[in-house]
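**Student:** In case it helps, Swiss-Prot gives these features for our protein:
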type     : residues            : note
ACT_SITE : 149                 : active site, proton acceptor
BINDING  : 51, 53, 69, 85, 109 : S-adenosyl-L-methionine binding site
């Protein structure tokens, strides 16, 4: 772990609280400010490793909590984890089965591996957001909610516009726990319209 991480006050706070990553505080703030997760919601976390958002979700809902990632996630009580690509129809079918056929909320803190080239990284993050939106439109029940991470840039407005086709309330939100200088911004989408037409492919 690099020194810039260990000197990070949010990181130290997360480790002291028993969270697997500092990102836990981002979801806690999003929930406090936006009320995305309700007490009995079934929630799917995309790109869930190492599992800090799953830890938060487990405490926010008595519903089913399912984490999906290409990499294994260390087990935790009250959480189902799936190793696989969430864009794979077979993985999506298993997610539906684990959720009992009803998914109330989709969240994603997933980020592409960054190259340091701002425009390239932003385009890849937008692509990942498109995939998460298409997934949410496939599995969410009407009235469901979604939170996905993206990066500010020239394509961000297009992803917001696409999301508004499928949710009644959509806004961008930057958390206080985000690192200074980071372009990351979360899309908070509430009240899914129940339609998934045109939610696939490039913007």
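In case you wondered, yes, glycine gets a Cβ from its N, Cα and C as well.
As the structure is a computational prediction, the values presented were derived from the model and not from experiment.
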**Student:** Whole-number answer please: how many Å between the C-alpha atoms of residue 51 (S-adenosyl-L-methionine binding site) and the residue listed as 'active site, proton acceptor'?
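**Tutor:** Cα-Cα, rounded: 16 Å.
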**Student:** Going by Cα-Cα distance, which of the binding-site residues (53, 85, 109) sits nearest to residue 149 (active site, proton acceptor)?
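**Tutor:** The smallest Cα gap between residue 149 (active site, proton acceptor) and any of the binding-site residues is with 109.
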**Student:** Secondary structure at residue 85 (S-adenosyl-L-methionine binding site) (DSSP, helix/strand/coil)?
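**Tutor:** DSSP call for residue 85 (S-adenosyl-L-methionine binding site): coil, neither helix nor strand.
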**Student:** Take the Cβ of residue 69 (S-adenosyl-L-methionine binding site) and count every other Cβ within 10 Å, whichever protein chain it belongs to.
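**Tutor:** Here the count is 21.
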